[in-house]
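Q: Quick one: structure below, then a few questions.
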Amino acid sequence: MDKEKGLLIVLSGPSGVGKGTVRKKIFEDPTTSYKYSISMTTRHMREGEIDGVDYFFKTKEEFEALIKDDQFIEYAQYVGNYYGTPVQYVKDTMEEGHDVFLEIEVEGAKQVRKKFPDALFIFLAPPSLDDLKERLVGRGTESDEKIQSRVNEARKEVEMMNLYDYVVVNDEVELAKNRIQSIVEAEHLKRERIEAKYRKMLLEVKK
């Protein structure tokens, strides 16, 4: 039987919900076989982040040049910064049979849905908006005005969770990690995915 094409896993949610923390927890697990697609951004690097590991950090001018060259699956401007997903790595890795894991903003996920309708979309939600605000304040990296801007944006994003296949509440990082891994495992066992492989196999037998 031919190698199964990889699954595109899209994790997104409001800023401050813990997407990066959950993603790191998933990739610390030695059983994880997903390939992480590193996003590109123009925002400033935070303490502890590494260029080329957490994000590819670019200037606004560099990012806009890549937009003109159509080098992104998706890109979005969020609170004054660009975020985007380089296209070629994702396509090549899926064709090799690997699952590709994207951690992106909600606006970006909407664009991916149009280009990759068969992708798996998971919305990471906070236990409450008050909890989200506390996390943003706890970062200590942004002004009160910017924090309020992110909370207001989060309200709109939570209303868009109906665009996703699954919602995982990040009340505890380890639990959120386990839920996401279980969702991916179940997705690979869906009848539609298994049936397509067997239909192809049966056609080859008839030749």
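One-based numbering along the chain as shown.
Heads up, the Cβ atoms here are built off N, Cα and C, so glycines get one too.
What you see is a predicted model, and the numbers here were worked out from it, not measured in a lab.
These came from Swiss-Prot, pasted as-is:
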| type | residues | note |
| --- | --- | --- |
| DOMAIN | 6-185 | domain 'Guanylate kinase-like' |
| BINDING | G13, P14, S15, G16, V17, G18, K19, G20 | ATP binding site |
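Surface or core, plus neighbours and distances: that's what I need for these features.
A: Note: G16 (ATP binding site) has non-local neighbours P126, L132, K133, R135, L136, R139, R150, A154, i.e. same-chain residues 6+ apart with C-beta under 8 A of its own C-beta.
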Q: How many other Cβ atoms sit within 10 Å of the Cβ of K19 (ATP binding site)?
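A: Cβ-Cβ neighbours of K19 (ATP binding site) within 10 Å number 19.
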Q: For the ATP site (G13, P14, S15, G16, V17, G18, K19, G20), what does the 8 A shell look like? I mean other same-chain residues with CB within 8 A of the CB centroid.
A: L124, P126, L132, R135, N170
Q: In this predicted model, what is the average pLDDT of the domain 'Guanylate kinase-like' (6-185)?
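A: When the pLDDT values over the domain 'Guanylate kinase-like' (6-185) are averaged, the result is 91.
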Q: Return the count of C-beta atoms lying within 10 angstroms of the C-beta of G13 (ATP binding site), excluding that atom itself.
A: 29
Q: Which is it, of P14, G18, G20: the one of these binding-site residues whose Cβ has the most other Cβ atoms within 10 Å?
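A: By the 10 Å Cβ neighbour count, P14 comes out on top.
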